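Below: the structure, in structure tokens.
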Amino acid sequence: MGIFSIANQHIRFAVKLATAIVLALFVGFHFQLETPRWAVLTAAIVAAGPAFAAGGEPYSGAIRYRGFLRIIGTFIGCIAGLVIIIAMIRAPLLMILVCCIWAGFCTWISSLVRIENSYAWGLAGYTALIIVITIQPEPLLTPQFAVERCSEIVIGIVCAIMADLLFSPRSIKQEVDRELESLLVAQYQLMQLCIKHGDGEVVDKAWGDLVRRTTALQGMRSNLNMESSRWARANRRLKAINTLSLTLITQSCETYLIQNTRPELITDTFREFFDTPVETAQDVHKQLKRLRRVIAWTGERETPVTIYSWVAAATRYQLLKRGVISNTKINATEEEILQGEPEVKVESAERHHAMVNFWRTTLSCILGTLFWLWTGWTSGSGAMVMIAVVTSLAMRLPNPRMVAIDFIYGTLAALPLGLLYFLVIIPNTQQSMLLLCISLAVLGFFLGIEVQKRRLGSMGALASTINIIVLDNPMTFHFSQFLDSALGQIVGCVLAFTVILLVRDKSRDRTGRVLLNQFVSAAVSAMTTNVARRKENHLPALYQQLFLLMNKFPGDLPKFRLALTMIIAHQRLRDAPIPVNEDLSAFHRQMRRTADHVISARSDDKRRRYFGQLLEELEIYQEKLRIWQAPPQVTEPVHRLTGMLHKYQHALTDS
């Protein structure tokens, strides 16, 4: 496909984006808004953002959800801006500096919350800064400006949603159904690999792919939930399927690890059974029926615990899968599965990364302020706004440097494109609303196609072009003002990119160490006799951390294996029949405190000291288990965990 070719699958969204822009433009001028540009810009960003992220037309609900987040972020930013102005109107410089800190604070929060919701906080940060900068000449008009900005943004969002609904957005339900079938087959094939106990790298690749696919399925569940309330039952089932899929991965990998030391546990009966190849979900269904009969014949005691648990989880998965596909009423058996253990939320391991993002945003905004005051440039305020926008939006993404480059390319492309519209097209179409709408529809259509291709600079070009062309009421054509705005955007993006390069993010290794120590803490916390604590479902949170580790350190197999071993240890100890007595309960609390100290330690010396203390306590704990005559189901996992911690002590403690 050529660089300028248009694929059929890209046309519908391009028309949708053009429609959203035209609707916002028409409504903005019809209601005599002072700056319809904000409504048009909002409609374009809300519609194009999810398409750029998805690399194609977004699924149903994505644009609507992004619109709601933008409304929330705008209102938070407007309220914050009003509070800052009211409190510091007599000290303009201090007021702007506080706004810079507010933008940094919002970026810090957006780095810690779920990636889907971080957009609202990033928006809240730079909205307050936009209000404070814009009202500098006339501070008394602040409330009016805040209300107008909120109104224009809401109009733009409504127009984007209307355009989305008008062109019947894609439903993700069929993709979910197909993935559920395919995922079950992949789970069975992973168990086959683990029972064969073949090449470790092949097994590592297989379970790594399954972790990614299960995480992707969880993202699909979020999309399905946003799409319509009629999928509420399917959403409940998919949430439980997420845990079951992770359980299947854990049991398969534990089956592989057990054979490293005790291969005789997997009998020839099960080895021969899992030799049969499967290609479809129907094949898996037949094999599971046979497998349940084999287990009933051999007895639970003669069946390895990992295979028994795997079959139980796969059977539940099948039952819920049928319910998701048919979306029928939840029956009593399903309800029993869905009333599972409460999920545990873990503390973010990226606090240092979030603090780096805070300083990047704050320092870049302060640098923009100093540049504005030092030069006295009329478009310094525009540069300030672009700095805040780039840093607030870039920091929450995995590669902020590339986002900043995208904005630089976009603002550079917007200069000639905006010049064409400013000097030729808009002056010749402003007398006709129809011609004006057609001209902007053409812009939206072609940039909409490029956005879906994820062309570098396409998203920045769309937003920057709309921002600098004259879409005010009434329209005024001052070339110097246009040039200042265009150059201000470019300078702002370059300054933001410079700060991102200078303030380096060296938090990757620290985040990796914190994640690994959180796995250790989770395994240690599973050693408890507290009934409520044992019922907590840590599995989704642990695999979410593992997925983050895989993204931070792609290809680092030793780290992944260590993390997976800790997850397996957690699951095995959680179900182990630990003797119930006060002596062991008190020691469990002591080990949990020590594990927490390992995570919170700020220096390598303290971390090594607490880790050594934890290893000593585990040795004492093993002795206590022997005294209290704990069964092998308890002593063996604890012994394996202690051995792993001794083996990887340096990786878990040294920077």
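Note that Cβ sites are derived from N, Cα and C of the backbone, with glycine treated the same way.
As given in Swiss-Prot:
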- 13-33: transmembrane segment (TRANSMEM)
- 38-58: transmembrane segment (TRANSMEM)
- 69-89: transmembrane segment (TRANSMEM)
- 93-113: transmembrane segment (TRANSMEM)
- 121-141: transmembrane segment (TRANSMEM)
- 152-172: transmembrane segment (TRANSMEM)
- 370-390: transmembrane segment (TRANSMEM)
- 407-427: transmembrane segment (TRANSMEM)
- 431-451: transmembrane segment (TRANSMEM)
- 459-479: transmembrane segment (TRANSMEM)
- 482-502: transmembrane segment (TRANSMEM)
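With a cut-off of 8 Å on Cβ pairs spaced 6 or more residues apart, the transmembrane segment (407-427) and the transmembrane segment (482-502) reach 3 or more such pairs and are scored as touching. Highest Cβ contact count with the transmembrane segment (13-33) among the listed stretches 93-113, 152-172, 431-451, 482-502 falls to 431-451 (criterion: pairs under 8 Å). Sequence-remote contacts of a segment are chain residues at least 6 beyond its ends whose Cβ falls under 8 Å from one of its Cβ atoms, and for the transmembrane segment (482-502) they are 360, 363-364, 367-368, 371, 377-387, 389-391, 394, 400-401, 404-405, 407-408, 411-412, 414-415, 418-419, 422, 460, 464, 467-468, 470. Remote same-chain partners of the transmembrane segment (370-390), defined as residues 6 or more beyond its termini with a Cβ less than 8 Å from a stretch Cβ, comprise 93, 103, 125-126, 129-130, 133-134, 136, 361, 364, 403-404, 407, 411, 481, 484-485, 487-489, 491-493, 495-497.
The listed stretches are 93-113, 152-172, 431-451; of these, 152-172 has the most Cβ pairs under 8 Å to the transmembrane segment (38-58). Listed as Cβ neighbours of the transmembrane segment (152-172) (distance under 8 Å, sequence separation of 6 or more from its ends, same chain) are residues 12-13, 15-17, 19-20, 23-24, 27-28, 31, 33, 35-36, 38-43, 46-47, 57-61, 63-64, 67-68, 70-71, 74, 220, 223-224, 227. For the transmembrane segment (93-113), the list of distant contacts is 80-81, 84-85, 119-122, 124-126, 128-129, 132-133, 348, 350-351, 353-355, 357-362, 365-366, 369, 373, 388, 391-392, 395-396: same-chain residues at least six beyond its ends, Cβ to Cβ under 8 Å.
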